[in-house]
Amino acid sequence: METREETPGKTTMKKALLILNCLILSIGNCGGPLIMRLYFIHGGKRIWLSAWLETGGWPIILIPLAFSYFHRRATDPTTKLFYMKPPLFIAAAIIGVITGLDDYLYAYGVARLPVSTSSLIIATQLAFTAGFAFLLVKKKFTSYSINAVVLLTVGAGVLAMHTGSDKPAHESSREYILGFIMTLVAAALYGFILPLVELTYRKSRQEMNYTLVMEIQMIMCLLATVFCTVGMLINKDFQAIPREARNSELGEVKYYLVLVWSAIIWQCFFLGAIGVIFCASSLLSGILISVFLPVTEILAVIFFQEKFQAEKGVALVLSLWGFVSYFYGEMKENKKKKLAAPETSMDPSNNPVGNV
């Protein structure tokens with residue numbers, strides 16, 4: 001299928017969108033785990049509720065979608081309310097259900113582990129993202145990306161060998177280990193989701209634009225919320241919320257504020273993640289999620305006075321080493337592509353229409 005070359009205006013807009021989505025992702029990625037942990041350390045015990053809050057803020061997306069619609073309508077009265085067609089809707093719905101499962105696994109881990117520990121485990125997501133990106137969207141491995149994957153895996157292993165050293169006093173060893181495993185599975189599952197979203201973009205027979213990206217985000221979060229709502233109904237979380245609010249160490253008003261802000265901040269994470277995929281790639285989205293790890297680590301130690309033992313320091317150094325290795329490799333690859341581009345364009349056998 002032929003692709004049209006992007007105009008300078010479109011390229012600039014895409015770069016601006018990439019920067020915006022990186023900022024949105026940073027807010028969600030750093031703030032989400034902290035506010036979720038705040039709920040648990042002050043008496044919150046509803047894991048399905050916490051999972052629900054990760055995507056329950058999906059109606060927020062209706063606001064920018066409404067602006068987009070009225071802007072289009074001003075120039076084209078016949079414009080459709082939604083761009084999304086049935087095949088893309090089905091794909092987004094399936095990814096949404098998988099996201100709902102991932103939300104539960106992640107919330108379970110945060111309920112059992114300090115933020116600094118769970119964040120280091122989530123860093124292994126980059127390894128899973130790289131692997132699934134290779135399988136699903138044919139992202140090529142380099143020696144640098146392989147090095148990054150190995151370092152992240154070793155870092156997770158260092159933490160695994162010292163599980164229990166930062167175990168909360170009120171928690172059993174079984175619960176702590178189960179939280180460790182659940183978090184690792186959540187990292188693997190989200191590492192699968194990111195390339196799956198990129199594959200959906202590529203296989204879509206619709207022209208992708210940012211409005212359509214927001215529609216996909218809305219459907220994904222809606223279905224993930226439905227999945228978690230079923231879990232809440234079975235677990236009777238809705239009946240427990242008023243009682244938990246009254247007994248919360250934060251106080252009733254602050255308890256509800258934590259719930260509301262949790263939904264808003266997590267929506268930033270999901271919108272930022274799929275926005276970066278649209279503007280760049282699933283692997284870059286996974287890398288950025290991992291890169292914000294040190295910030296989350298520092299904030300957890302500052303706000304929650306979490307212990308930061310030697311094994312966490314080793315795991316953090318290995319993680320940062322992995323990120324630097326990957327970025328350096330990507331810079332070298334991009335430099336090679338730029339040098340090869342003029343030669344390719346001069347080859348008369350090539351199609352003069354450039355690839356996007």
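In case you wondered, yes, glycine gets a Cβ from its N, Cα and C as well.
TrEMBL labels come from automatic prediction, so no person has curated them.
In TrEMBL this protein carries:
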TRANSMEM  16-41  transmembrane segment
TRANSMEM  47-70  transmembrane segment
TRANSMEM  82-101  transmembrane segment
TRANSMEM  113-137  transmembrane segment
TRANSMEM  144-164  transmembrane segment
TRANSMEM  176-197  transmembrane segment
TRANSMEM  218-235  transmembrane segment
TRANSMEM  255-279  transmembrane segment
TRANSMEM  286-304  transmembrane segment
TRANSMEM  310-329  transmembrane segment
Any contact between the transmembrane segment (113-137) and the transmembrane segment (16-41)? By contact I mean 3+ C-beta pairs closer than 8 Å, pairs at least 6 apart along the chain. yes
Any residues 6+ beyond the ends of the transmembrane segment (310-329) with a Cβ under 8 Å from its own? 116-117, 120, 123, 126, 142-145, 147-152, 154-156, 158-159, 161-162, 165-166, 287, 290-291, 293-294, 297
At a threshold of under 8 Å on Cβ distances, which of 16-41, 218-235, 255-279 pairs most often with the transmembrane segment (286-304)? 16-41
In the same chain, who gets a Cβ under 8 Å from the transmembrane segment (16-41) while lying at least 6 residues past its ends? 50, 53-54, 107, 110-111, 114-115, 118-119, 210, 250, 258-259, 261-262, 265-273, 275-276, 278-280, 285, 288-289, 292, 295-296, 299-300, 303-304
